[in-house]
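I have placed the structure first, in the form of structure tokens, so that the comments after it can refer back to it.
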Amino acid sequence: MKLENILKAVSPLQVIGDENLEVTGIHMDSRMVKNGFMFVAVKGTQTDGHNYIPKAIENGATVIVCEQLPEKQETHITYVQLADTEDAVGKLATTFYGDPTSKLDLIGVTGTNGKTTIATLLYNMFRSFGYKVGLVSTVCNYIDGEAIPTEHTTPDPITLNQLLGRMADEGCKYAFMEVSSHSVVQKRISGLRFVGGIFTNITRDHLDYHKTFENYLKAKKAFFDGLPKQAFALTNADDKNGLVMTQNTKAKVATYSLHTMCDFKGKVLEDSFDGMLLDINNREVNVQFIGRFNASNLLAVYGAACLLGKKPEDVLLKLSTLRPVCGRFDAKRSPKGYTAIVDYAHTPDALVNVLETIHEVLRGRGHVITVVGAGGNRDKGKRPLMAQESVKRSDKVIITSDNPRFEEPQDIINDMLNGLNKAEMKKVISIVDRKEAIRTACMLAQPQDVILVAGKGHETYQDVKGVKSHFDDKEVLDEIFKGEQ
Ligand SMILES: CC(=O)N[C@H]1[C@@H](OP(=O)(O)OP(=O)(O)OC[C@H]2O[C@@H](n3ccc(=O)[nH]c3=O)[C@H](O)[C@@H]2O)O[C@H](CO)[C@@H](O)[C@@H]1O[C@H](C)C(=O)N[C@@H](C)C(=O)N[C@H](CCC(=O)O)C(=O)O
Ligand SMILES: Nc1ncnc2c1ncn2[C@@H]1O[C@H](COP(=O)(O)OP(=O)(O)OP(=O)(O)O)[C@@H](O)[C@H]1O
Ligand SMILES: N[C@H](CCC[C@H](N)C(=O)O)C(=O)O
Ligand SMILES: [Mg+2]
């Protein structure tokens, strides 16, 4: 694409050099630059991209986009000076990749919990309506069924626009995307046109990055502040900050709730480990999901689908066929009659949340056995707390390994056990081998009991000393269930 066409997306302070160049690619990382690329220098949290301009040129960049011009300029290079390169990079990338959001409808989901669940369910639902659809999510990105692995919840602006560009080229009509708070602050979504935004909830998280809850909230709110007037902003009226999110948006606000009057009102009529019976806007629907928080997620999905123009009765029909997202409160009944739930809960808070939901549904009719470990080379402070929260809400806890990485598995287990007093220790056994730990839980379980296998969710590996060997909690359970038949 010609440089002069890409530059229409931004307002340069000055351009030095040839604007008629053909740009072959664009990147903000000098290490990824190839011949004929545009390199955009961005100030980051660790270093300043401006330091890598010489490296980018060495790798073949012919256009340098920056805030400060280098003192020594090369004659064969075009320099573009801009006031805010972090904001510009998304706009330049989206133009370079053919303005994908002018060709498909992009819907963003933000909030502390539930983003992956809601975005994935919308992706599955709209595919089953017969559309080609894209998904940008923590677990994996998809271009209508084609899996593209990811390392982020919301990728960097180059990767993101390249992905959306491919979705548009391959005829996707919709794309559903998780919008992390990091991505809003770092303007990874700059230049994208959303037709809708969904808010789930906000609780304390990521304060290592945002420093205060207030900043975290502001980051999420900025996404809604930036939505255009034609878009919808669907918010959770049950969250204390649900209406705060949308108070300054230009978009059309709609609300969902399990408790108050709103546009999309739901109620849990019945719940069990097989699913729930919900009332949504005075229509009953059976769903294959467990727990009040999932009722809330399903309301968001229902609301968004209706706002995208689908008929409520068609949406309800699809809702009843949807299955939980891999590793998110993913329940299976064993031939012996107990239930096993695989969940990605890997923080004290998440364990509280999941275990309380289990008790809400169990209502004292069985015991709860939790299998849990903590990751190596990660926050050590959470280890004793994870053990405490698990023991408080379980009849038996089996402490085991979860990606020990470069630490000794037994040391991590000991850190967890250090959080427990003598009485609590009576409920606990520790088994280093995760497969054995799950097997033991299954042996101990009686019909009606619930086993929570926490921490790994969708992960399909165990990371030991830098080697990722295949390991899948759900596969292990399937194998055990086969033996029970
Ligand atoms: C803290 C954080 O979010 N950092 C992100 C940020 O990097 P940064 O600001 O630290 O960049 P930097 O290392 O200071 O470098 C500055 C610039 O110099 C460039 N550079 C650097 C070195 C070099 O040799 N050449 C070069 O050009 C870099 O490409 C960058 O453009 O911008 C990068 C490009 O977009 C991201 O990849 C990077 O994500 C890091 C790896 C990360 O771990 N982020 C996590 C915290 C994150 O974003 N998480 C959220 C939420 C997850 C959740 O849902 O819980 C997510 O959306 O994934
Ligand atoms: N609406 C909700 N409210 C509270 N907890 C939830 C909700 N939805 C899901 N959860 C819990 O949070 C966990 C993560 O869910 P999910 O992956 O959908 O969230 P996310 O917002 O994408 O998280 P991440 O920030 O890690 O990408 C689940 O395993 C589940 O236990
Ligand atoms: N992606 C997060 C969660 C990992 C969950 C758990 N399985 C672990 O390995 O700690 C991390 O790397 O901290
Ligand atoms: Mg996610």
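Even glycines carry a Cβ here, placed using N, Cα and C.
Automatic, uncurated: that is what TrEMBL annotation is.
Some features that TrEMBL has for this protein:
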DOMAIN    22-97  domain 'Mur ligase N-terminal catalytic'
DOMAIN    109-305  domain 'Mur ligase central'
BINDING   G111, T112, N113, G114, K115, T116, T117  ATP binding site
MOD_RES   K220  N6-carboxylysine
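Non-local neighbourhood of G111 (ATP binding site): I198, F199, T200, N201, I202, K220, N236, D239, each in the same chain, at least six residues away, with C-beta under 8 Å from its C-beta. Per-residue confidence over the domain 'Mur ligase central' (109-305) averages 95 (mean pLDDT, predicted model). Secondary structure counts, DSSP: the domain 'Mur ligase N-terminal catalytic' (22-97) has 25 helix, 18 strand, 33 coil. Same-chain neighbours of the ATP site beyond G111, T112, N113, G114, K115, T116, T117, judged by a C-beta within 8 angstroms of the site's C-beta center, are, in sequence order, V109, I118, E178, T200, N201, N297. Residue density at K115 (ATP binding site): 26 other Cβ atoms are found within 10 A of its Cβ, drawing on all protein chains shown. Every protein chain shown contributes to the tally, and the Cβ of T116 (ATP binding site) ends up with 24 other Cβ atoms within 10 Å. In this structure, none of the binding-site residues G111, T112, N113, G114, K115, T117 sits close to ligand 1 with a C-beta under 6 angstroms from any of its atoms.
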